[in-house]
């Protein structure tokens, strides 16, 4: 089969020919239809410090996908050949304290699909059946292919009650844009998103934000007070950028008693005004991945109840043009980029 692999240290991803993997007794063999390029895949492509310290090479990459069950192990129950599935990319141990308590997203021994074990940028993927999520028929392939990052957005956005609240999101990447759409869908009052990338701020507008703010040119507090008539600060914050200055600004504009969810990963140490955190009595929660599998059920329900993610999907390529897909991601002028394993050449 064909697969996209990190074959050696250094920049790049390579198309290779390799053997179709054999499922173990508790595994599914999934034939991949479509995949999506994640920021993690870009880190691996660029071979930055995180990637070089984390990913063994060679490694088939990718963890955002939709496919169909093509085979299964002898112990698998509840799936049939031809079932359309996506899957949880964090493979947990099942025996640590958190796993045994049903909190698998907190597993200390998590392995990442496409990071620590072979990934989904391939014609076939082997995945523990426990990790597979059977998809409702009314969720299209393009949307199903981005369920993994959508899950990050849903986990972050639904960490706190949003009904009637004023929400600040820092970082208008695809996950930030999807989190904004979730916040509006479930009843937030104002949803404000900040970034310095005009392309991505425009995507956020298409996803329904109240106001998109380029903080390189506009003052966030002025927008909040003068345009939106908000004089006490934001109730809920979602930090999606990994930017230290963005997080510092978020802390400064939160209302007393505000709640902050952190998904963005900083590239280095970040200075925090702990006095503001203490005297405003802020709640800060770290987010990693998705709750298994409550987040997945909520994702499906949100789509089935009318949440539209299609504006965030901006590029499609056949697998023969995978390099163009990575180039689009590297440009910073894209939302989600879909790679079609059933088409050689296609772009939009």
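A Cβ is built for glycine as well, from the same backbone N, Cα and C atoms used for every other residue.
NAD(+) binding, as stated in Swiss-Prot, involves 195, 200, 263, 264, 265, 287, 288; the candidate among 175, 278, 303 given for that site is 175. Using a 10 Å Cα-Cα cut-off from residue 264 (NAD(+) binding site), none of the recorded positions among 38, 40, 63, 64, 93, 96 qualify. Close to the recorded Zn(2+) 1 site, the chain also has 35, 36, 37, 40, 41, 62, 65, 89, 113, 114, 119, 120, 148, 149: residues not among 38, 63, 64 whose Cβ is within 8 Å of the site's Cβ mean position. The DSSP secondary structure for residue 175 (NAD(+) binding site) is helix. Distance noted between the C-alpha atoms of residue 96 (Zn(2+) 2 binding site) and residue 288 (NAD(+) binding site) is 18 Å. Look at the binding-site residues 93, 175, 263 and count other Cβ atoms within 10 Å of each Cβ; 93 has the fewest. Each residue contributes its Cα atom, and for residue 287 (NAD(+) binding site) and residue 107 (Zn(2+) 2 binding site) these two points are 13 Å apart.
In sequence order, 38, 40, 89, 112, 113, 114, 115, 119, 120, 148 are the residues of the chain that are 6 or more apart from residue 63 (Zn(2+) 1 binding site) and have a CB within less than 8 Å of its CB.
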